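Feature annotation from TrEMBL assigns active site, charge relay system to Glu302, Asp306, Ser496. TrEMBL lists Asp538, Ile539, Gly561, Asp563 with the feature Ca(2+) binding site. Marked as domain 'Peptidase S53' by TrEMBL: 218-583. For 1-19, the entry in TrEMBL reads signal peptide.
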Amino acid sequence: MKPLGIVLAAGLLASSAVGKPVRQRSPLAVKETHYVPRRWIETRRPDADHTISLRIGLKQGSFSDLERQLYEVSDPDHQSYGKHLKAEEVHKLVEPSEETLEQVHEWLADNGVDKSALRYSPARDWITVTLPVAVVEAMLDTKYSVYRHEDGSEVVRTPKWSLPLHLHDHIDTIQPTNSWYRAEPKSFSLYVETLEDQKPVTKLHSNGSVSDVCVWNHVTPRCLRTLYGTIDYQTQSNDTNIMGLVNYLGESNNRKDTFKFLSLYRHEAKSGAYDFKFDSIATGTTTQVHTDQSIRDRSGLEGNLDVQAMLGIGWPTKLIAYSVGNSPHYRPDAATTSNTIEDNLTWLEHLVSQPDDELAKVISTSYGVNEHSVPPSYARRICNDMAQLGARGVSLLFASGDYGVGPSRNCTSNDGTNRSSFSPMFPSSCPFVTSVGGTMNFTPEAGVVDAYVQSLGGRDAEFYNMSGRGYPDIAAQGFSYVEVWNSRPELMFGTSASAPAISAILALVNDALVAAGKSPLGFLNPWLYKRGHKAFTDITSGSAVGCSELGDGLGFPAQEGWDAVTGFGTPRFKDILELLGIDNASFSARRQA
């Protein structure tokens, strides 16, 4: 679109000495306001030497074309199904127009920012520049403050920011400004004194039934592999097929603990504890040491759960652990004056820059944030960047959260009215990712969208957006996962157990697809909602509890077909292969473990 600046008289439109027309600067106007969420308190102004690593999200050139092609390559009935785009093709589609780049560069130069200080994403749709807070405040006509969360962590943010009017159509978002993104793991743990007080599942036969190998309070890889039908599958594409997990908040994946876990629960896979690869992003930790402080903080519980769940099911598939540093939470001190980077954006910017053959094709993320804490413009850009990965054949799976429709006593809107509202999770609510719910028990497990909403008869309609994205899409066991942490057993609960488990199962599906000369699954949802749901076990009992202060606190109910508790249900591996037309998958003869 053309800038909104005033058209000057013809005499003033002559080119300057450097060949550029004189441009009338437009007035500043508020671009976005987002209320400070509950549990945050404004405390003080940032220090004078505080710097901000500013991320400027430029309007993408042809995102609508990218979205169209994403759905075409993901639709099993389309002639382009499985013909995923290359990195260069995706970058070209989202690259900003020259007009957008020129106007943003002029604005930055007007504010004394040298072009040599700018860093670009591969498609040039994100610009990063580190500036003193005073300069950023002048550019955005705003004032930053230090805000403290009730847990003691602090961030430097502002609820409102502005841009020259002529840039409103060229810049989608700028962060950190009014995003209160706080990545949190979607699990909790229960310490178990000894492994010996549990049923000795390591001595059971691998050809046992679900009732033989599954214990409700001690879920193991053998149980999950039996339950979902992967236990006798033989991988065939180990050289090319890759699965991934994401670590945030200083989490890592301990090899020694994982070796002990696999030695106990999948002996033939124990080498995987030392074979998986770390990819450290923005100085993300890969520490292998349990310190006194990390033990007190229970650090590494989530990381160990993710890696042990994925290797316990998906080994010998290659695994990459993406460890993301620079958490947005900080405690200021003399050596820490810059707290700026949003975890998800840091990870995404790294992934979109990776070569196609080095990119994991199924990635599990066990972290999320209350959607109310993310401004709409920023949420849209994060979702759109995830669409880039989907178009390249990557399946992104996110834990849907452990509090049903929302954590009790935290179910209010963030629009200034403080009205009662369910609390959806982000990025699980993105349209371009697959959201994973959790189930418990085994036989049967307990635990479309428009029809489901209509079937509720208006129940709790005032607490959620009836026309919004429905999630989760699918589900898996999320109760009493056994893991090893600090050389000792733990039981883990939550959808952050479900997400890595089902991701590993889908990685095995990709293995079979690649071996059959087919493309990996990629963005799952079009296939899932059109055909794939037929290979999932429908969960018809249970409910998504939460928001106890609203109504009866029961949230959404599970029922026949898709529901907002478990989506389409849990996977049946062999049925998925059959639906995908794979008839050459390799299965071993069942034998005693």
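Quick reminder: no glycine exception, Cβ is built from N, Cα and C everywhere.
Unlike curated entries, TrEMBL annotations are predicted automatically.
In this structure, the CA atom of Ile539 (Ca(2+) binding site) is 19 Å away from the CA atom of Ser496 (active site, charge relay system).
Looking at Gly561 (Ca(2+) binding site) and Asp306 (active site, charge relay system), their Cα atoms lie 29 Å from each other. Its Cβ taken as reference, Glu302 (active site, charge relay system) is surrounded by 31 other Cβ atoms within 10 Å in the chains shown. The Cβ of Gly561 has fewer other Cβ atoms within 10 Å than any other of the recorded positions Ser496, Gly561. Of all the recorded positions listed (Asp306, Asp538), Asp306 sits in the most crowded Cβ setting, with the most other Cβ atoms within 10 Å. If you take every residue in the domain 'Peptidase S53' (218-583) and average the pLDDT, you get 83.
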